């Protein structure tokens, strides 16, 4: 399954994995998963977190390692994101609910995830997705960015 991913995708997933793996020990615990989800405005219960980890945790050790994470991500990519999941992700970034993701909103979410980006890096990310050149990312541009990855 994971062998159908490009090197670039694997590198991106490794970076995402390291955002979750707060202590850098190579595995994601329910606590680490909860921290990231709460930083994104979600409020999962301990039981929900345990359920998510159990779903991915193939070897049954109670944590998610990188190969397990890769398998889950490649599956998720196969079941291309449902419209509702994409809308939900957009809402996480669109803090003020105006239908656009600004550089400030993108920086805010990335900082909460532990990614310290320079203004230039944030601007580059916005420019890469901003096809109509208005300086912010609307829903259609957001979808296009996700689908073209």
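Cβ coordinates are placed from backbone N, Cα and C, and glycine is handled just like the others.
In the three-state DSSP scheme, residue 23 (Ca(2+) 1 binding site) falls into the coil class. Among the features that Swiss-Prot reports, Ca(2+) 1 binding site is placed at 21, 23, 25, 27, 32, with the record citing sequence analysis.
If you look up Swiss-Prot, you'll see 57, 59, 61, 63, 68 marked as Ca(2+) 2 binding site, on the strength of sequence analysis. In the three-state DSSP reading, residue 57 (Ca(2+) 2 binding site) counts as coil. Sequence-distant contacts of residue 57 (Ca(2+) 2 binding site), defined as residues of its own chain at least six apart whose C-beta falls under 8 angstroms from its C-beta, comprise 63, 64, 68.
When secondary structure is read from DSSP and collapsed to three states, residue 94 (Ca(2+) 3 binding site) falls in the coil class. Residue environment of residue 94 (Ca(2+) 3 binding site) contains 22 other Cβ atoms, counted within 10 Å of its Cβ in all protein chains. What Swiss-Prot records for 94, 96, 98, 105 is Ca(2+) 3 binding site.
Residues or ranges marked as domain 'EF-hand 1' by Swiss-Prot on the basis of sequence analysis: 8-43.
The predicted model assigns the domain 'EF-hand 2' (44-79) a mean pLDDT of 86. According to Swiss-Prot, the feature domain 'EF-hand 2' maps to 44-79, an assignment based on sequence analysis.
Summarising the annotation, Swiss-Prot assigns domain 'EF-hand 3' to 81-116. For the domain 'EF-hand 3' (81-116), same-chain residues at least 6 beyond its ends with a Cβ under 8 Å from one of its own Cβ atoms are 19, 22, 36, 39-41, 122-123, 125-126, 135-139, 142-143, 146.
Marked as domain 'EF-hand 4' by Swiss-Prot: 117-149.
Neighbour counts were taken at the CB atom with a 10 A radius for the binding-site residues 59, 68; the maximum falls on 68.
Panel annotation: around the domain 'EF-hand 4' (117-149), residues 9, 12, 80-81, 86-87, 89-90, 93, 99-103, 106-107, 110-111 of the same chain, lying at least six beyond its termini, place a Cβ under 8 Å from a Cβ of the stretch.
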